[in-house]
Amino acid sequence: MDCFRTMRQSWIFPTTILCIYGFFSMMKPSEPFIVPYLLGPDKNLTLSEVSNQMFPVWTYSYLVLLFPVFVLTDYLRYKPIIILQGVSFLITWLMLLFSQGLLAMQILEFFYGLATATEVAYYSYIYSVVNVEHYQKVTSYCRSITLVGYTVASVLSQLLVSLAHVSYFYLNVITMISLSVAFVFTFFLPMPQKSMFFHKKVGAETQGSADKDVVVLEMPGKGSSPASQEDCATSVSSAKSERQQKSQSADLQQKSLVLRVFLQWCQDLKECYSTNRLLFWSIWWASATAGFNQVLNYVQLLWDHKAPSQSSQVYNGAVEAVATFGGAMAALAVGYVKINWDLFGELALGIFSVIDAGSLFLMHFTNNIWLCYVGFLIFKSVYMLLITIAVFQIAVNLSMERYALVFGVNTFLALLIQTIMTLIVVDARGLSLTIDIQIWTCVTHLLNKISQDIVPSFFRYVASEALADWVVPRHFSGIRALLSLAYFLFW
């Protein structure tokens with residue numbers, strides 16, 4: 001018993017419970033096959049309904065919910081928000097299993113947006129229950145277990161579909177069971193006594209002041225005199241009045257605390273983004289993440305457009321598994337590469353962003369589903385590599401509190417960019433473009449960021465001229481003119 005109590009009070013217990021939750025919440029075998037499920041006989045939706053009317057709801061709800069969830073996560077000390085995420089996942093998959101119609105699917109997307117917005121609680125909870133010396137270790141565990149869960153789910157789903165011929169409906173049933181297990185484990189998480197912003201100092205001092213506020217009254221006995229009873233009544237009345245005053249004072253202090261936190265956020269953001277280097281990496285982070293999320297949301301629709309799932313073999317699970325594993329290996333490799341990122345970081349961003357753009361070109365122009373799969377593998381792996389570099393460059397000179405704040409703001413900006421892209425390009429009230437043209441807009445977005453934010457002007461000029469000379473000889477003047485026009489438009 002003493003051993004169990006000691007383990008509960010150590011960093012191992014909350015880390016283990018959180019990792020179990022992270023594994024089962026990401027172990028969703030139905031996700032790689034969600035589009036074939038929606039387009040199939042179970043839901044019988046059309047490609048345009050899914051692309052232009054259903055999926056945009058997730059983007060809009062995620063954007064609207066992100067900031068209030070970010071604030072409430074710290075204010076409520078993480079655990080209630082993790083429970084809320086578990087509830088949101090369960091509602092999402094219950095509706096996915098048993099509801100019908102486009103409106104129900106749009107409501108489902110709202111709850112999925114809520115579940116996505118609450119991910120911030122999962123990634124920040126552990127820092128409130130372990131000591132600073134364990135931060136690096138627990139960060140590695142909690143982030144890697146989500147990749148393991150997603151990879152296991154992708155492999156399992158592909159094996160079940162290809163070998164056992166399990167229907168997409170039962171993949172969602174397995175996902176529902178996994179999410180239910182994750183939800184149960186949320187209640188075993190210890191409730192944090194502190195948070196990064198609103199609850200920095202709690203404990204003995206607060207408990208001591210609370211003890212001082214307790215008023216002990218001696219109730220009059222049967223033999224008490226009327227005078228003593230009147231004195232007691234007076235003391236009870238004064239005690240109630242004192243408690244009311246203290247309650248009002250506590251409310252004012254709480255409002256003052258919220259105001260101080262918001263003012264401190266504004267001051268921290270002003271100081272952080274006044275640094276050109278951090279501003280540069282943050283702009284890249286926001287714009288690249290917006291493009292990545294847009295591709296990730298709609299890539300299954302592109303695969304179904306290239307090779308319809310109703311008439312061909314689907315390998316979405318295998319591709320997602322390999323892409324996730326490749327991304328994890330690429331991110332891991334960054335920690336072992338010994339170069340001066342201050343000097344070569346922008347050059348690396350430029351080169352690998354061009355590779356990312358090339359993979360999107362391949363996905364757009366090819367009619368071969370296998371080449372489309374290869375393009376996605378390259379795209380996701382390269383993005384994971386670059387975002388790891390960006391996160392490292394931003395976090396290296398920031399405290400944990402400022403890093404969390406910058407992370408939240410950058411994520412919000414990425415969502416804002418993605419929302420604008422969705423509203424104009426995807427939404428039925430906008431241009432409502434087809435899926436292959438949507439991927440093309442991601443290509444142009446990425447090329448624009450390469451030209452404006454990443455590669456210095458001299459490098460752009462030299463690279464473009466050298467590439468033109470290598471790909472197209474100078475006597476093909478017409479093609480070179482087209483390249484020059486493209487260079488002028490994008491660069």
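Backbone N, Cα and C atoms are what each Cβ position is placed from, and that goes for glycine too.
TrEMBL does not curate its annotations; it predicts them automatically.
Annotated transmembrane segment per TrEMBL: 12-35 (among others), in sequence order.
Within the same chain, residues 81, 106, 109-110, 112-114, 116-118, 120-121, 124, 195-199, 297-298, 408, 411-412, 415-416, 418-419, 422-423, 426-427 sit at least 6 positions outside the transmembrane segment (55-75) and bring their C-beta atoms closer than 8 Å to a C-beta of that stretch. Taken from TrEMBL, the feature transmembrane segment covers 55-75 (among others).
Among the features that TrEMBL reports, transmembrane segment is placed at 82-104 (among others).
The transmembrane segment feature in TrEMBL is assigned to 110-132 (among others).
Annotated transmembrane segment per TrEMBL: 144-163 (among others), in sequence order. Outside the transmembrane segment (144-163), and at least 6 residues removed from its termini, the chain residues within Cβ reach (under 8 Å) are 19, 22-33, 170-171, 174-175, 178, 313-318, 320-321, 324-325, 327-328.
Annotation source TrEMBL lists transmembrane segment at 169-191 (among others). Note on the transmembrane segment (169-191): residues 8, 13-14, 17-18, 20-21, 23-25, 27-31, 33, 37, 42, 77, 79, 82-83, 86-87, 89-90, 93-94, 96-97, 125, 129, 153, 156-157, 160-161 of its chain, located 6 or more positions outside it, place their CB under 8 angstroms from a CB of the stretch.
Among the features that TrEMBL reports, region 'Disordered' is placed at 221-248.
Marked as compositional bias 'Polar residues' by TrEMBL: 225-239.
Marked as transmembrane segment by TrEMBL: 314-337 (among others).
Annotated transmembrane segment per TrEMBL: 343-363 (among others), in sequence order.
Feature annotation from TrEMBL assigns transmembrane segment to 370-396 (among others).
Annotation source TrEMBL lists transmembrane segment at 402-426 (among others). Sequence-distant neighbours of the transmembrane segment (402-426) (same chain, 6+ residues past either end, Cβ-Cβ under 8 Å): 51-52, 55-56, 59-60, 62-63, 66-67, 70, 120, 124, 196, 265, 268-269, 272, 278, 282, 285-287, 289-290, 293-294, 298, 394-395, 432-433, 437-438, 441-442, 445.
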Result, the transmembrane segment (110-132) in contact with the transmembrane segment (314-337) (3+ CB pairs under 8 Å): no
